[in-house]
Structure formats: structure tokens, C-alpha cells
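Going by TrEMBL, these are the annotated features:
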type: DOMAIN; residues: B:6-80; note: domain 'Glycine transporter'
type: DOMAIN; residues: B:92-164; note: domain 'Glycine transporter'
type: TRANSMEM; residues: B:6-24; note: transmembrane segment
type: TRANSMEM; residues: B:31-54; note: transmembrane segment
type: TRANSMEM; residues: B:60-80; note: transmembrane segment
type: TRANSMEM; residues: B:92-110; note: transmembrane segment
type: TRANSMEM; residues: B:116-138; note: transmembrane segment
type: TRANSMEM; residues: B:150-169; note: transmembrane segment
type: TRANSMEM; residues: B:175-194; note: transmembrane segment
Amino acid sequence: MNLISVFEIVGTVAFAVSGCMVGIKKDMDLFGAIVLAVTTAVGGGVFRDILIGIHPPAFFMNPYFATISIITAVIVFVFYDKLNRLNNIIQISDAIGLGAFATIGCSVAIKNNFTSPFIVVSLGLFTGVGGGILRDVFAQEIPFVFKKEIYAVACIIGGVSFVISRNYLGNDVALYTGCFVTFIVRMIAIKRNLQLPKAGKRLKQEGLTK
Amino acid sequence: MNLISVFEIVGTVAFAVSGCMVGIKKDMDLFGAIVLAVTTAVGGGVFRDILIGIHPPAFFMNPYFATISIITAVIVFVFYDKLNRLNNIIQISDAIGLGAFATIGCSVAIKNNFTSPFIVVSLGLFTGVGGGILRDVFAQEIPFVFKKEIYAVACIIGGVSFVISRNYLGNDVALYTGCFVTFIVRMIAIKRNLQLPKAGKRLKQEGLTK
Amino acid sequence: MNLISVFEIVGTVAFAVSGCMVGIKKDMDLFGAIVLAVTTAVGGGVFRDILIGIHPPAFFMNPYFATISIITAVIVFVFYDKLNRLNNIIQISDAIGLGAFATIGCSVAIKNNFTSPFIVVSLGLFTGVGGGILRDVFAQEIPFVFKKEIYAVACIIGGVSFVISRNYLGNDVALYTGCFVTFIVRMIAIKRNLQLPKAGKRLKQEGLTK
């Protein structure tokens with residue numbers, strides 16, 4: 001088992017935790033919380049596979065990641081009240097997972113002979129953020145990734161790093177570069193509380209927005 | 001026409017009724033209510049077909065079920081004010097439909113040579129609950145199936161029954177077993193008002209959830 | 001470059017403008033607004049391609065329309081406060097785009113040998129309204145197209161015109177007929193403020209709806 005696989009498992013657990021916690025906050029029952037955990041953890045990959053025509057999506061051929069997500073969700077469900085103190089660990093794990101998911105998405109594109117940088121970076125982005133978008137749609141929230149902090153942007157920068165380093169240094173180095181860059185950008189954004197700009201200042205001053 | 005086909009039509013009508021009623025409650029116009037009816041009735045099957053690579057989804061090759069859904073929606077639209085007294089019939093039809101849809105989903109998996117129990121049960125589940133999830137997303141509600149009662153769980157138990165009875169008794173018996181078990185579990189859940197557990201008791205006591 | 005291609009670009013810009021403005025109103029950051037612009041502009045076509053098995057969707061093979069959408073979104077983001085006076089132009093462009101998208105959807109169906117009128121009109125409809133539905137789901141609104149005015153209905157009438165005129169007058173004429181009819185129906189609906197009927201009068205009088 002290589003390091004990226006370890007990161008992928010860390011990410012699966014972190015994404016499942018975030019899905020389950022959102023489900024619990026939204027008053028879902030055990031089944032809903034499990035579905036939200038699984039959706040967050042594997043939704044991005046399933047969407048990527050649908051786009052490039054992998055039928056059925058890899059997720060269904062191997063219940064490995066579903067199993068991890070379900071077990072994670074049950075544990076979160078039982079120990080929910082004690083999880084708040086783990087906030088830091090969850091954020092770091094989430095950033096590791098984001099890096100692993102984004103670069104795995106890029107590398108699935110390459111393996112399926114889609115080598116245009118636009119597709120490679122797009123599939124990395126979808127794999128990284130697709131699950132979280134689905135989680136928020138199901139939980140009746142505007143997707144987190146559209147509103148706050150440098151999250152998707154970290155995937156895009158990581159994807160671009162993957163493409164560039166793959167050109168010069170080969171696939172293996174590219175995987176670690178993409179993963180590492182995504183992780184670092186995300187962690188810096190969290191530490192410095194970096195945000196993308198928002199528009200419509202005048203509108204806001206006049207109090208016309210919701 | 002075999003019995004499962006009859007159940008499928010009953011289910012289509014029941015699902016279309018639920019979609020249309022949600023649309024009307026959400027102040028949608030005739031078109032919106034029809035779309036919601038069709039989405040609820042066929043959305044699960046379309047999602048299943050996208051996942052396993054049936055292009056275009058069966059629904060589009062044959063407008064039969066769309067036609068049933070549209071006619072149902074128009075009738076509901078016209079007679080909306082008188083439908084509340086049919087509540088019981090609608091619930092029973094919905095449970096029949098859930099059973100039919102779930103087992104048809106399982107059997108589509110088998111026909112396309114996906115025989116792993118995980119895929120079979122997953123596709124049954126998606127076929128059964130996918131339409132309702134889409135309905136609720138479009139209607140801006142947290143999907144019903146994540147919050148209340150034993151609904152998805154009935155599909156899963158039905159799917160497992162399908163897999164087991166297919167191993168010992170063949171396809172035909174499995175279809176009826178899966179359908180019947182799903183129906184019975186769902187009806188018991190309604191009658192006894194069974195619910196899955198929810199988490200976060202302490203959080204709730206402190207009044208921190210929405 | 002033929003006229004339909006020009007209309008497609010006009011439509012892409014108009015759809016991107018609507019997506020970006022919704023994003024800004026919902027307090028999204030620059031990335032969210034761009035995603036919403038791209039989603040609105042290309043979402044319908046991507047969904048159409050997923051349904052008929054074009055992998056990856058045409059959008060990914062050629063970043064042309066994504067580029068147009070992103071540039072549009074950035075311009076809207078910067079000049080947001082001055083855009084209200086362009087309301088009329090945006091509505092007309094949107095109607096042109098709706099016509100172009102709907103007929104392009106119909107014609108993609110034909111090119112992929114799906115000639116049943118039901119599929120042709122459905123794919124035209126999805127291409128025309130799919131992006132807007134996704135935009136509204138992400139923005140946490142009940143999709144506009146389910147609630148207000150003759151929008152989807154314009155696509156359907158345009159699609160039917162496409163099918164009929166293709167039978168008698170060939171593909172090229174059908175493209176312009178479909179596009180023109182969709183545009184005209186949409187403009188009449190705007191000018192006359194035409195709406196589809198809604199149900200449940202008694203319910204509303206009793207003040208039971210939201």
C-alpha cells in the first residue's frame with residue numbers, strides 16, 4: 001500500500017465524519033447520517049466516473065470505501081457529543097483527504113487517456129469537492145465550497161501542479177506533488193483565514209441582499 | 001403482463017401522486033407539478049441506468065411510464081382539493097410501488113451481469129428512493145428518506161431478501177420475495193410508526209440545533 | 001460560423017450572467033459565482049450528454065464555452081452594481097440562448113440516432129433548462145422553471161416545431177424553426193406576463209400553504 005492510498009483512507013474517514021456531522025445537525029436519523037457520510041466520501045468519485053463513462057463507478061465494484069464510511073458514520077453517531085474537541089484533527093484530515101482525492105481524480109483522467117489539462121484539472125476538482133457539494137445540497141445548504149475560504153481553489157492549484165510536474169517528472173512524482181500542494185494551500189487558507197473576494201458592495205450597503 | 005408489472009404501474013401512479021402534491025404545496029405551476037411527478041416516478045430508474053451505463057436510460061426509449069405519470073399529475077392537479085381523503089390508499093400504493101421499484105432495480109443489476117450483492121442491493125435502493133430524493137431536492141426539502149421512518153431500510157431489507165432467495169430459489173421467486181418483503185417492512189413501519197434512532201441528545205437538550 | 005453558433009454564444013453569455021448574478025445575490029465568493037455561471041451555461045448540455053452516453057460530455061473536450069462563461073462571470077462580478085440597467089438586454093439574450101440550446105439539444109439527439117420524438121424533445125428541453133435547474137438547486141431556490149412563466153413550455157413547443165419541420169423540410173430548416181419558435185414563445189410570455197395555471201385554490205384561501 002503506497003502513501004497516497006493511506007491519504008485516501010484518511011480523507012475518506014474525514015469526509016465521512018463531516019457528512020455524518022452535518023446529517024446529525026440537520027436532525028437526520030441513523031440512515032440519513034450514514035448516507036450523507038457515504039455521499040460526502042465517495043460522491044465526487046462517482047460523479048467523476050459517470051462523466052468519463054466508467055460503468056458502474058469504481059465505488060460499486062468494491063465496497064471498501066463504503067464500508068469505511070459506514071463504520072466511521074456509526075462511530076460518529078454514537079460518540080457525537082464528544083467529537084467537538086477533535087475539530088483540529090478533523091480539519092487536517094480533511095485537507096489531507098482533499099489533496100488525495102484531487103490528485104487521484106487527475107490520475108484517473110490520465111489512466112483513461114484524457115490528457116488535456118482542462119479535463120485533468122476538472123476531474124481532480126470534481127473528485128475533491130463533488131462529495132461535499134452533494135452533502136450540502138441534501139442538507140439544504142448552499143454548498144460550502146461556493147461560499148467560504150480557499151477550498152476548491154486549493155484543488156485547482158493542486159491539479160495544475162499535478163499537470164506541470166507530470167510533464168517534467170512523471171506520474172509518480174506528480175501524484176505526490178499534486179496532493180502536497182493541495183494540502184498546503186488548504187492549510188494556509190485555514191491558518192490565515194484567507195477568503196476569495198465577494199461582489200456587490202453597494203447592494204449590500206443598501207441592505208438589499210438576503 | 002405479470003404481477004410485478006402491475007405493481008410497477010401502481011407504484012408509478014403513487015410516486016407521481018406524491019411528486020405532484022409536493023409540487024402543488026410548493027406553489028409550482030402545472031409544468032412544475034408535472035415535472036415533479038415524473039421525476040419522482042422515474043428518477044430512481046434513470047439514476048440507476050446512468051450508473052450502469054444504459055444509454056439513454058430505459059425511461060427515454062419508451063414514454064409509457066412518463067405518460068402514466070403525466071396523466072396522474074394532471075388528474076391530481078385538477079382534483080387536488082379532494083385528495084386528502086385518499087391518504088390511506090396513497091400510502092399503501094406507495095409501499096407497493098417501493099417494493100416493485102426496489103426489486104426491479106435489483107433485477108436490472110442481475111440482467112446487466114452485476115451480481116455482487118453490494119451492487120444488486122445498492123441499485124435496488126437507488127431505484128426505490130432516488131426519485132423521492134430528487135423530488136425533495138427540487139422542492140427545497142431535506143430528503144424525506146434521510147429523516148423519517150423506515151423507508152430506505154425497507155428497500156435494503158427487500159434487496160437482501162432478493163439476493164438470498166435468488167441464490168436458492170431462482171430469479172422469479174426472488175422478484176416476488178423482494179417485493180413482498182419491502183412492502184411488508186414498509187407497512188409495519190407505517191402502522192407502528194417505527195423510526196430509526198437519532199444522535200446528539202446533549203446537543204438537542206442545550207437547544208443548539210436548528 | 002453559422003447563425004446558430006452565434007446564438008449559442010449569445011445564450012452562453014446570457015446564461016452565465018444569470019448564474020453569476022444569482023451567485024452574487026446569495027453571497028457566494030468569486031469562485032462560487034464562476035461555478036454557478038459555468039453550471040448555468042453548460043449544465044444542461046452536460047446532463048444531456050450523460051444521458052445519451054457521450055463520455056466525457058462535449059463540454060470537457062473543448063473548454064471554449066467554459067472560457068466564455070468564466071470571462072462573463074468575472075466581468076459581471078466586477079461591474080455588478082451597474083448591471084441592473086441591462087435587464088432588458090439580458091432577458092432577450094436569455095431567450096435567444098434558450099432557443100439555441102433547445103434546438104442544439106434536439107439536434108444532438110438526432111446526430112446520435114435517437115429519432116423518437118419523445119427523446120428529441122426531451123433532450124432539447126433538458127439542454128435548455130437543465131443548467132438553470134442546477135443553478136437554482138445550488139443557490140437553494142426552488143427551480144425557477146417549475147414556478148414561473150412559460151419557460152420550459154417554450155422549449156417543448158420549440159422542440160415539437162423542430163421535429164415537425166425536420167420531417168418536412170430537413171435538418172437545417174428545423175434548427176432555425178426550433179430556435180425561432182422557442183424564442184418567440186418565450187418573448188410573448190415575458191411581454192404578456194403569461195403564466196401556467198396553479199392548483200389548490202381552496203387550500204390557498206384557507207391560508208395553509210407557505
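Backbone N, Cα and C define each Cβ position, glycine as well.
Worth saying up front: this structure is predicted, and the values here are computed from it rather than measured.
Contact between the transmembrane segment (B:60-80) and the transmembrane segment (B:175-194) is not supported, since fewer than 3 Cβ pairs fall under 8 Å when only residues 6 or more apart in sequence are counted. Stretch with the largest number of CB pairs closer than 8 A to the transmembrane segment (B:116-138), among B:6-24, B:31-54, B:92-110, B:150-169: B:31-54. Taking the domain 'Glycine transporter' (B:6-80) as a whole, pLDDT averages 89 in the prediction. Ranking B:31-54, B:150-169, B:175-194 by CB pairs under 8 A with the transmembrane segment (B:92-110) puts B:175-194 at the top. Sorting each residue of the domain 'Glycine transporter' (B:6-80) by its DSSP state yields 63 helix, 0 strand, 12 coil. With DSSP classes pooled into helix, strand and coil, the tally for the domain 'Glycine transporter' (B:92-164) is 59 helix, 0 strand, 14 coil.
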